[in-house]
Amino acid sequence: MKIINIKIIRNNINNFSLPQHITPGSAGLDLLACIEKPVSILPKETRLIPTGIAIYIEDIEVAGIILPRSGLGHYYGIVLGNTIGLIDSDYQGEIMISLWNRGSNKFILYPGKRIAQLLFISILRVKLSLVKSFDPFMKTIRGVKGFGHSM
C-alpha cells in the first residue's frame, strides 16, 4: 500500500474527517465540502468548493483523479465543472472542487457533504519519438478513423 501525505488546511466544519473509503470495496476516497454554512448552487451555475485538505503525492508515477459522485449527478444534476480533475504529483495546494449545477433546480450544499471522489492512479511516463510516417507493417484495422468510427 502506498502512503500519500495529507495536510489539513482548514477545519471549519463540525465532524470534519479525512477522506476515506466508505466501504471496503470503494475505489475512491470521498471528499467533503469544507464550508462553514450552506452554499446555494443555482441552475447552470458553477461554484468552487474547498475540501480543507492538501495532499503531496511526491511519486511522479502516481496522480490523483477527482471524479464526480454518481448520486449527486443522477438525482440532483450536480457534476464536476471540469468533468474530471487531475492532481499532479508535485501539487501541494488545497484540493478545490468545481461543482456545476446542470439541473433546473437550486441545490443547497451543506457543510461536510460528500462532493467528489479521489482516486489514485499509476502514470506511465513516456518519451515521444518524432517520425515522418508510421511503419506500413504496423497498420491497424482502424487506421485514422476517429469519432463514431464503429457506428
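Every residue gets a Cβ built from N, Cα and C, even glycine.
Per Swiss-Prot, the features are as follows:
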BINDING   Arg69, Ser70, Gly71, Asn82, Leu86, Ile87, Asp88, Met96  substrate binding site
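Summarising the substrate site geometry, the residues cited as binding it (Arg69, Ser70, Gly71, Asn82, Leu86, Ile87, Asp88, Met96) extend over a maximum Cα to Cα distance of 26 Å. In this structure, Met96 (substrate binding site) is part of a beta strand by DSSP. Fewest other C-beta atoms within 10 angstroms, among the binding-site residues Ile87, Met96, are seen around Met96.
The Cβ neighbour count for Gly71 (substrate binding site), using a 10 Å radius and every protein chain shown, is 10. With a 10 A radius on its CB, Asp88 (substrate binding site) counts 12 other CB atoms from all the protein chains. DSSP classifies Leu86 (substrate binding site) as strand under the three-state reduction. Of all Cβ atoms in the shown protein chains, 11 besides its own fall within 10 Å of the Cβ of Leu86 (substrate binding site). Within 10 Å of the C-beta atom of Ser70 (substrate binding site) sit 10 other C-beta atoms, taking all shown protein chains into account.
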